[in-house]
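Novice: According to Swiss-Prot:
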COMPBIAS  7-40  compositional bias 'Acidic residues'
COILED    85-120  coiled coil
COILED    181-215  coiled coil
DOMAIN    215-333  domain 'Nop'
SITE      Arg289  site 'Interaction with U4atac snRNA'
MOTIF     351-364  motif 'Nuclear localization signal (NLS)'
Amino acid sequence: MSLADELLADLEEAAEEEEGGSYGEEEEEPAIEDVQEETQLDLSGDSVKSIAKLWDSKMFAEIMMKIEEYISKQANVSEVMGPVEAAPEYRVIVDANNLTVEIENELNIIHKFIRDKYSKRFPELESLVPNALDYIRTVKELGNSLDKCKNNENLQQILTNATIMVVSVTASTTQGQQLSDEELERLEEACDMALELNASKHRIYEYVESRMSFIAPNLSIIIGASTAAKIMGVAGGLTNLSKMPACNIMLLGAQRKTLSGFSSTSVLPHTGYIYHSDIVQSLPPDLRRKAARLVAAKCTLAARVDSFHESTEGKVGYELKDEIERKFDKWQEPPPVKQVKPLPAPLDGQRKKRGGRRYRKMKERLGLTEIRKQANRMSFGEIEEDAYQEDLGFSLGHLGKSGSGRVRQTQVNEATKARISKTLQRTLQKQSVVYGGKSTIRDRSSGTASSVAFTPLQGLEIVNPQAAEKKVAEANQKYFSSMAEFLKVKGEKSGTMST
């Protein structure tokens, strides 16, 4: 029988064997079964050795002796050649890893034995110190004398100051009875056995951790030496582990059974050793399943590297672990802050001006005149002259009424007067100067002045109003003209110049 077959034969649960042996098949997860406790512990015995038999077993002594033997030897990486399962030390590592589980069960049995025996002396201590090892150390320290709770330095190394104060107050009012010397001796024996088993468990952990760095260095870096040894033992060796897909590696060590009478709500389906490893448990609960899938995928790669004895220094393992931690940090990052978009620039279109000097003058110029106001005004209760629509057109209102007795005169309003721009005024002024024209701007004459005159003799006579001015201008052009120049005249005979 090969070593892999022996490891498979050592598995306790047949369901785990099926799970470890099926790689590509996806079979439906069976319902959680109720199993009865196989052995009913008889705690009425006088000695703890009658119920806790692991300490005196031959298997425990052989494994611990081999562990001490291999610890004394210096491990060498070059000794690990070929399949890891063929290494002589590999079997010891797997057995030692399985032994830690049995030690945990044995410690629970001893704790229950001590609790039942010591409840005669101090029944309240069980509720004050819930931890099993702390309870065992406290019982060994107190013994039959509960006054040791006060000012005890050894007890301060076991319990916190607040717990010590509560224990001392409760011990002063307890209704417990004194233990006999024989009962106290049996309790001390049970306490010593529990503490020695706990020390052996830590010794096994140190050994497995030191040796897993040579057998599977990359896998140990990712999930730790203890978890790596557990999944290797369940899978049947490193070679079988390297052949398994990540979805099956994640389920190795899944608890699919529970004791009868206990609730199954706390049992997490599809969770194994990887889910309960430190690297996954360090995350919030809502990310642990996702993290377990990621770690299982990286463990598959690391196991394949270790099975071929590559990257013995763990370089690949450190790279995979860094990648896992980066993804963990990315998952736990807070969501990005929503970018506040600025408001778009408003459309500066032409807006209606509602004030200002220019606007007020424009309203005066384009506003309603008095005539238009009179035309728009109507009297209440009076019949209009055009009420029967005899004339086509708009009604004239008050403007069309007769007999008002007032003479309408055109009101000259500076605001409504026609305006000429300054540029046009300068242009007209230049034209009047050049062409000698006359205008109301140049001369203060009436704008109705005309060259047509009415005389009693001839009737209608056309008169040039500029004739007099023209005569004066012609006279001045001879001698007093501003345009006169010197003229050079050559004489016919003498050749003299005259002006």
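Note: Cβ is positioned from N, Cα and C throughout, glycine not excepted.
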Novice: Using a Cβ cut-off under 8 Å and a sequence separation of 6 or more, which residues in the same chain sit near Arg289 (site 'Interaction with U4atac snRNA')?
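Specialist: Spatial neighbours, sequence-distant, of Arg289 (site 'Interaction with U4atac snRNA'): His270, Thr271, Tyr275.
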Novice: Across the domain 'Nop' (215-333), what are the DSSP residue counts per state (helix, strand, coil)?
Specialist: 73 helix, 3 strand, 43 coil
Novice: Report the DSSP secondary-structure composition of the motif 'Nuclear localization signal (NLS)' (351-364) as helix, strand and coil residue counts.
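Specialist: Computed counts for the motif 'Nuclear localization signal (NLS)' (351-364) are 8 helix, 0 strand, 6 coil.
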